[in-house]
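Novice: Handing you this structure, nothing more for now.
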Amino acid sequence: MQAKQQLLIDGAWVDGDAARFAKTDPVSGETLWTATAASATQVEHAVAAARQAFPDWARRSFAERQAVVERFRECLETHREHLATAIAQETGKPLWEARTEVGAMIGKVAISITAYHERTGERARDIGDARAVLRHRPHGVLAVYGPYNFPGHLPNGHIVPALLAGNAVVFKPSEQTPMTADLTLQCWLEAGLPAGVINLVQGAAEVGQALAGSADIDGLLFTGSAKVGGLLHRQFGGQVDKILALELGGNNPLVVKDVPDREAAVLSILQSAFASGGQRCTCARRLIVPHGAVGDDLIDALTSAIAELRVAAPFSEPAPFYAGLTSVEAADGLLAAQDDLVARGGRPLSRMRRLQAGTSLLSPGLIDVTGCDVPDEEHFGPLLKVHRYRDWDEAIALANDTRYGLSAGLIGGERADWDDFLLRIRAGIVNWNRQTTGASSDAPFGGIGDSGNHRPSAYYAADYCAYPVASMEAETLVLPETLPPGVVL
């Protein structure tokens, strides 16, 4: 399987008509993929192709659509190592983690089929001499925007349920990960998906703006930053005829009540803050620990563990815990964010540094910002802020001091503490003695506040990929025995 380095419109691979762009490996510097972006006209052609393909695809039985999706899963199995290598190269993540991402893509098919039947599907019951029937119908043409941190798994979590429901799709991946999208779309064609049911438009913000501005899409499914999600929300303002599903970021708190097992607590913090190099939307960004010996001892142990954490190139042996960020520019932004926190009074406990010039490899950063005036921003990388608290109420207040509400975690405490935390914390994913990045594949995924609205790319994705239709129906038209008051026939 080789990348086409083109757009996919109505079943045909075509060159873009706009500016040329390229994707380079953020660690090695190798050019991985280069092509021309889609023009606004080509975006409209892709939408038109999806619109034309939609009726026939929607009329097919669910079993027929499921068969195509299951063949797609088989294609992923066949090409899993090639896809994993591409993901590792594009994102900078370790090969072992890229392999787990492809595994998640494969697993998403069975999960989405189950979710379709449980969350949507069809229900019926008798009511007198009629039947009440609940059905679900696809919206039509859905635009799917993919993020760069999980370029296979997260868009897949939109696309698979959208296609199962009978929608047609126009997919706009991140310009940071065009190759993964290219290869994934080849798998859809290999699976026998009809021409036009899925289309691929490559490029940067201009392509995304053109797609979001198309009058002929019926909805947009987005996973990405709160900034871009907010722009889309404003752009869609007043368009009540369109579904907009947003899964955005978070400034996620991890609260330490006490430390029953220091090594276990340190590991949970490392996995919460630095998994994928901090490039997960559920990563802990704020570590909230008590003043005094409990907090001091934990921070000392954490600092020591950070110093030993292996960070290296994606294909290194022995394998690293995490590797590079998705781009050198992203690494530059993280280093600038650290400098800003220091300028605001933050005290570095473990300073984040670039490990190799010209690359996106960064060491983990840990900075104490207790009492500092710091922005409520998601620093999307290996940078963890420490806040100290004096009592439980202050810990909860610090945890909730954010406009976001994606994930939160509690380490230690008794059942009563957990119950109180669960009641008072504002987040869509709340974990106890497990990392904040841990989530069940058959549970909703998403948050409140500026972290989004629906629960995109997870079990509840079926909810926004189809709309319910309620019917009262009978085989024959029958005159009732008793007429309504005031009616004479």
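The backbone N, Cα and C atoms fix where each Cβ goes, and this holds for glycine too.
Values in this document were obtained by computation on a predicted structure and should not be read as measured data.
From Swiss-Prot, here are the annotated features:
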| type | residues | note |
| --- | --- | --- |
| ACT_SITE | GLU247 | active site |
| ACT_SITE | CYS281 | active site |
| BINDING | GLY224, SER225, ALA226, LYS227, VAL228, GLY229 | NAD(+) binding site |
Novice: Just jot down the residues in the same chain as GLY229 (NAD(+) binding site), at least 6 apart in sequence, with C-beta under 8 A of its C-beta; none if empty.
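Specialist: Counting only residues 6 or more apart in sequence, the Cβ neighbours of GLY229 (NAD(+) binding site) under 8 Å are PHE222, LEU246, LEU248, ASP450, GLY452.
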Novice: Tell me, if you would, which residue among ALA226, VAL228, CYS281 (recorded positions) has the fewest other CB atoms within 10 Å in the structure shown?
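Specialist: Checked ALA226, VAL228, CYS281; of these recorded positions, fewest Cβ neighbours within 10 Å: VAL228.
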Novice: Validating a neighbour-count step here. Other CB atoms within 10 A of the CB of SER225 (NAD(+) binding site): how many?
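Specialist: A 10 Å sphere around the Cβ of SER225 (NAD(+) binding site) contains 15 other Cβ atoms.
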Novice: Quick one: pull the CA-CA distance for LYS227 (NAD(+) binding site) versus CYS281 (active site), whole Å only.
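Specialist: Their Cα atoms are separated by 13 Å.
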Novice: Could you round the CA separation between SER225 (NAD(+) binding site) and CYS281 (active site) to a whole angstrom and send it over?
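Specialist: Cα of SER225 (NAD(+) binding site) to Cα of CYS281 (active site) measures 9 Å after rounding.
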Novice: Including all protein chains shown, what's the count of other C-beta atoms within 10 A of the C-beta of LYS227 (NAD(+) binding site)?
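Specialist: Total other Cβ atoms inside 10 Å, all chains included: 13.
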Novice: In the same chain, outside GLY224, SER225, ALA226, LYS227, VAL228, GLY229, whose C-beta lies within 8 angstroms of the Cβ mean position for the NAD(+) site?
Specialist: PHE222, GLY230, LEU231, LEU232, LEU248, GLY249
Novice: How long is the line from the C-alpha of GLY224 (NAD(+) binding site) to the C-alpha of CYS281 (active site), rounded to the nearest angstrom?
Specialist: 8
Novice: Would you kindly give the Cα-Cα distance separating ALA226 (NAD(+) binding site) and GLU247 (active site), rounded to the nearest Å?
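Specialist: So the alpha carbons of GLU247 (active site) and ALA226 (NAD(+) binding site) sit roughly 8 Å from each other.
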Novice: Once the chains shown are all counted, how many other Cβ atoms turn up within 10 Å of the Cβ of GLY224 (NAD(+) binding site)?
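Specialist: A 10 Å sphere around the Cβ of GLY224 (NAD(+) binding site) contains 22 other Cβ atoms.
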Novice: Just the number: how many Å between the Cα atoms of VAL228 (NAD(+) binding site) and CYS281 (active site)?
Specialist: 14
Novice: Can you count the other CB atoms that lie within 10 A of the CB of GLU247 (active site)?
Specialist: 28
Novice: What does the structure give for the C-alpha distance between ALA226 (NAD(+) binding site) and CYS281 (active site)? Integer Å is fine.
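Specialist: Distance (Cα to Cα, whole Å): 10 Å.
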